[in-house]
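Student: In case it helps, TrEMBL gives these features for our protein:
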COMPBIAS  B:18-31  compositional bias 'Polar residues'
REGION    B:1-35  region 'Disordered'
TRANSMEM  B:58-78  transmembrane segment
TRANSMEM  B:160-182  transmembrane segment
TRANSMEM  B:194-212  transmembrane segment
TRANSMEM  B:224-249  transmembrane segment
TRANSMEM  B:256-276  transmembrane segment
TRANSMEM  B:282-305  transmembrane segment
TRANSMEM  B:385-403  transmembrane segment
TRANSMEM  B:409-426  transmembrane segment
TRANSMEM  B:433-450  transmembrane segment
TRANSMEM  B:480-497  transmembrane segment
TRANSMEM  B:517-536  transmembrane segment
TRANSMEM  B:548-570  transmembrane segment
Amino acid sequence: MELYPSLTQCAILATSLKILLFPAYKSTDFEVHRNWLAITHSLPAKDWYYEKTSEWTLDYPPFFAYFEWLLSQAAKYVDSQMLQVQNLGYDSWQTIYFQRATVIFSELILLYALHRYIQVSGSKKTAHAAALAILLSPGLLIIDHIHFQYNGCMYGLLILSITFAQEKKLLLSGLLYAALLCMKHIYLYIAPAYFVYLLRAYCLSPHVVYHIQFFNCVKLGVGILIILTAAFGPFVYLGQIPQLWSRLFPFSRGLCHAYWAPNVWAMYSFTDRVFIYVAKYLRLPINQDAVNSVTRGLVGDTSFAVLPEITPSQTHILTLLTQIPALIKLFNNPIPMTFLGAITLSAYSGFLFSWHVHEKAILTVIIPFLLLCLNDRRHLGAFRPLAVAGHVSLFPLLFTVQEFPIKTVYTVLWLIVFLVSFDKLAPASTRARFFLLDRFSLVYIAVAIPLILYCSLIHGLVFRDKYEFIPLMFTSSYSALGVVSSWIGYQVVYFSE
Amino acid sequence: MASINSPHKPRRKRKPNDYTSGSAQGSSTVDTLDDGTKRPNFPLVAFLWPAKGSVSQWLLLPCILMTIGLFRWVTGIWRYSGFQSPPMHGDFEAQRHWLEIAIHLPVSQWYFYDLEWWGLDYPPLTAYHSWILGKIGNAINPSWFELYNSRGLDDHLLKVYMRATVLVSEYVTYIPAIVVFVRRYIQQQGVSSWEGSIALVAILMQPATLLIDHGHFQYNTVMLGFAATCMANFLRGNILMGCISFVCALGFKQMALFYAPAVFAYLLGSCISPKINPVRFMSIALTTTAAFAALFAPLLLGALYDTYRGVPNSKLSEPPLLSALPWDVDSKSWYYPVLLQLTQSIHRIFPFARGIFEDKVANLWCTIHTFHKLHLYSSTVVQRAALAATSAAILPPCLILFHKPRKELLPYGFATVAWAFFLCSYQVHEKNVLLPLLPMTLLLAGHGGLTPSIRAWVGFANILGTWTLFPLLKRDQLRVPYFVLTLFWAYLLGLPPTSLSAYRNVQRGGLGLFAKFVHLSVYLAMILWHICEAFVPPPENKPDLWIVANVLVGAGGFGICYLWCLYMMVLKSGYLGVEMKSKVL
């Protein structure tokens, strides 16, 4: 049975809108990617990770560099000027059209992945709705087609890998994930889930834990080795691995990425900020340097006035610790549904507790969760605050007046259309739902409206340019509350299944 | 009613076939396959498929309005006419300039100030509208509308503000008008509300309107909105409100005159049949006069007040219309400023001194001019010829409306008369094609409006109309939005060049063979034209070859649209004996 509107129809709708967005605001990420086109096209591979004419050095893994090299082969026929490393900030209309068009083209992978996902799903109706929600996701629209990045294509690969796992093609799934990891290392957040799942379901016997499937281990090992060699081999040969590593994992940057990512550390910073005023009364020691820095939160390095400093290794340990319970359940119950749940929970931990998390990383949580949330009404209940919080937290990415109506109207439209249809589609759960969570999400969603109004309109009118960090802090704290509560809510659902 | 004392209204029961109007054999939107599964007939139906039957209008309507709003705003991030093209810039500068003069000059100067630089040449309602927008804009950033110094300004935030004013003006006038019109029209025609929503999206996504107002930059939708309000009021039998809305349309842009004969014939007809009704006639006459008086009052009172304040009007040059008055006007008399303003505004609004057409426009005169130069004749001869041709072309639809002032004939009447004006009248712009397109597109909401035949005709007119705007849009560097919006609209409605579904006769209500041939050959001509225009440079002695070709094809196609509207009008009015509801051309 065909379902309407079909995936293709929605893709045509979305593409029309995306082409019309060509002249919209573009962030420095546009220049970042143009610079990478230039680097990969005009320099030998040995210079790729050393080149620093532009401040936007290459800091993605090699497969992404190869991808840029591939694009540059077409770019030279469009406007060869964009391929000059020296041409900083070059943005002729040909360059803009070309780069924007490559984002749209690379999303064909996402389209194929979603098509395949619907094909293999048991419940076509809910899978179709989830696929449309991902295809039309405001997160992808804001980040890829306005702000400028290539997430659509990479989430396509991730969904394809998840689909392979559901088809029991575990080798293919694992190798595709390894390749994806060599393209963008943000997917390391979910590596533990992949590791445990492949270990248990592919390398060990799903029935008897101690029965090692030796041949599978060899296949997987050799496959991963080939992929890693293809990606990092040349740079190992050139002896550039330490340099490459320092580019990929810049721990010299601060704990919070410009205050925006709505995670635990944003709440921690917010608490610290509040403590500055409370500390006087409690006679707590205050770090005066941190108080005096007016731009706090806008620059990378955040230091705390009252609360203790956080180190990178503390964040790693915390991330792993919070992932472990979900992984244990996955190890004991290695079925595709639990795997998807473990991916989502690993992504949650990575987003909530990691070092220097970008606000864009929320998509690593939202997109796997979108595939899950139509399981039953309890899943949907946990998803709702995330849907609102995750997308609202992306709003500060676009701060220009012209793009304000686009981001807000599109997101609100998406939330209405999909939350209402999900409500109709999600089957009732066999277990009791949590009254509290349902009420919470209603109140939570309602608060979003005055918050957005304040941050985008009222604050500007009252304070003009002063206290710019306040709207950012409100947005990220509000969103953090939503993300954390949906995380807790989903954990209850996951562990009680 | 039994529950007359109960505070609860009984919920209106949904009729079983409420969402699939039409006969049992199949509807115009849903195809039933052999195995009983249902399939949408064109993509727009598919997009509204989940809303079929169960979704409340209170949810569906906001979603539709948000979607079409997004497309409007996103069109607006492209360039506008005259962006960074000195010395005169374009329509954007004209509109911005009017905001500037409206807030900085005394009312009496509005129609006189520096006419060489985009002097005000629209009726007073536009001036008042500019005044309000100017006041708001001035509060945000005074430098945008500083007198004289702000000319040719292309500040990015100014652009955003001006785009927002177009969008807000449209959401205040045009969009509610279309929503109300569609709701009343589907009730009157017995169409389901779901199919009404499909028609609503198709109407509100009309590419020509989006491209001219949000791309090129103008406020046409405000005038079109008043005209649609007028029709909606007529549909409801609210004649007087209709008159006031029409005066507002005329008062915003004189181009609403394209509809005036239809309005006049309908009103006059409704005073005579079914019985002669002098009271109605008098009230119409009085309301219209009062509305006009109210429209001009602020301008004229402002002029009197300025005279009283001592703002000199001696420097204002006397308009030719005033000198042409049969008696001598004393420039000292108290009514002199009033006459001066009135005649000057009329002189500015109706520029008979300009040529018969501006640039190249797809109408009769430009077509004749291609083969036989019209410069050979004096402008009086040409004006008379235009008057005669227009009168001849509007006479049949007006006579029908006068004889049978029936509500279902209104959109046909408006469309036919507007096509007649577009094709035959004097001083027509290519943008004026929006006027006949609006009532013709509204037919989608009528009975059988989504059947292949009407869909094909409405689509044909719209796509041809947008195509004739291409040379203008190309000058504004709006080629990409032109292609995206036109092709997307064609895709939504399942029309060429994206699909031939409306031309396959699998069900009744399809097109006749001749119409198919005409449509498809015009579509083919449009495609070939785009290829030639893009890749083949015109010969040196004929630099305008492609534009002329565009005009010729356009004029031919519009002429056919005029004939179709007229034919449908005759058919619907029942002159041909049996009222043939389903069999159409």
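Even glycines carry a Cβ here, placed using N, Cα and C.
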Student: For the transmembrane segment (B:194-212), which stretch among B:58-78, B:160-182, B:256-276, B:282-305, B:433-450 has the most Cβ pairs under 8 A?
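Tutor: Answer is B:433-450, with the largest number of Cβ pairs below 8 Å.
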Student: Who are the chain neighbours of the transmembrane segment (B:480-497) in space, where the CB to CB distance is under 8 Å and they lie at least 6 residues beyond its ends?
Tutor: 41-44, 47, 71, 75, 78, 201-202, 205-207, 210-211, 215, 455-456, 459-460, 462-463, 466-467, 469-470, 473-474, 503, 519-520, 523, 527
Student: The transmembrane segment (B:409-426) and the transmembrane segment (B:548-570): do they have three or more Cβ pairs under 8 Å, with pairs 6 or more apart in sequence?
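Tutor: Yes, since the transmembrane segment (B:548-570) and the transmembrane segment (B:409-426) share at least 3 Cβ pairs closer than 8 Å, they count as touching.
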Student: Ranking B:58-78, B:224-249, B:385-403, B:433-450, B:517-536 by the number of C-beta pairs under 8 Å to the transmembrane segment (B:282-305), which range is first?
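Tutor: Highest pair count goes to B:224-249.
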Student: Any residues 6+ beyond the ends of the transmembrane segment (B:58-78) with a Cβ under 8 Å from its own?
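Tutor: For the transmembrane segment (B:58-78), the sequence-distant neighbours (Cβ-Cβ under 8 Å, at least 6 residues beyond its ends) are 48, 51, 163, 166-167, 170-171, 175, 179, 197, 200-201, 204-205, 210-211, 213-215, 477-478, 480-481, 485.
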Student: Counting only pairs 6 or more apart in sequence, are there at least 3 Cβ pairs under 8 Å between the transmembrane segment (B:409-426) and the transmembrane segment (B:224-249)?
Tutor: yes
Student: For the transmembrane segment (B:433-450), which recorded stretch in the set B:160-182, B:224-249, B:256-276, B:385-403 gives the largest number of Cβ pairs separated by under 8 Å?
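Tutor: Going through each listed stretch, the top one turns out to be B:224-249.
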Student: Under 8 Å between C-beta atoms and at least six residues away from its ends: which parts of the chain pack against the transmembrane segment (B:224-249)?
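Tutor: Residues 125, 170, 173-178, 180-181, 184-185, 188, 209, 256, 259-260, 263, 266-267, 270, 280, 283-284, 287-288, 291-292, 295, 407, 410-411, 414, 434-435, 438-439, 442.
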Student: List, by number or range, the same-chain residues at least 6 past the transmembrane segment (B:256-276) whose CB is under 8 A from its CB atoms?
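Tutor: For the transmembrane segment (B:256-276), the far contacts come to 223, 226-227, 230, 234, 239, 242-243, 246, 249-250, 284, 394, 397-399, 401-405, 410, 413-414, 416-418, 421-422, 425, 432, 435-436, 439.
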